[in-house]
Amino acid sequence: MSRRLLLINGPNLNLLGTREPHIYGSTTLQDVETQAKTQAKELSASIDTFQANSEGAIVDRIHAARGEIDAIIINAGAYTHTSVAIRDALTGVDIPFVEIHITNVHTREAFRHHSFLCDKAEAVICGLGVFGYTAAIEYAAKHIKLRGKASRL
């Protein structure tokens, strides 16, 4: 059975392509999502995409993934550095996830160096630009060991 993936993008990622293109590049979120769907299909997987600027909406989407999704790819944006709620949601649903960042957060401002998610993630990808999404999707589709209900399929 094909893997069911969920790509979550957090606050301000809806502005990709126009927000600080010298940092984040000119690729739009729609471009990222279109490429993700094409890639997932090529890997015999399916992918749902979701973007929200509010923490609660992200938590709700993670909860809704329980029993339906095999792996999550998440770019939590600024919530990476602040959100215990997103961390708790990810650990609570027991779905393996890959944390992703377009930029190398470790070479940026000090407040971006800490992640509330990384110690629970299967993998962390940062600094590869939007290619990081490609790497994360391939990893999630091919290499993550499934857990819970998904692992019994």
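Cβ from N, Cα, C; glycine included.
Bear in mind that the values here come from a model prediction, so they are computed numbers and not experimental data.
Copied over from Swiss-Prot:
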ACT_SITE  Tyr24  active site, proton acceptor
ACT_SITE  His101  active site, proton donor
BINDING   Asn75, His81, Asp88, Ile102, Thr103, Arg112  substrate binding site
SITE      Arg19  site 'Transition state stabilizer'
C-alpha spacing of Asn75 (substrate binding site) relative to the residue listed as 'active site, proton donor', in angstrom: 6
Binding-site residues clustered about Tyr24 (active site, proton acceptor) [Cα within 10 Å; pool: Asn75, Asp88, Ile102, Thr103]: Ile102, Thr103
Using Cα positions only, nearest of the binding-site residues to Arg19 (site 'Transition state stabilizer') (His81, Asp88, Ile102): Ile102
Least buried by Cβ count (within 10 Å) of the recorded positions Arg19, His81, His101: Arg19
Number of Cβ atoms other than its own within 10 Å, given for Asn75 (substrate binding site): 25
Ile102 (substrate binding site): tally of other CB atoms within 10 A of its CB: 23
Residues satisfying Cβ distance under 8 Å from Thr103 (substrate binding site), sequence separation of at least 6: Ile23, Tyr24, Cys126, Gly127
DSSP-derived structure type at His101 (active site, proton donor), helix or strand or else coil: strand
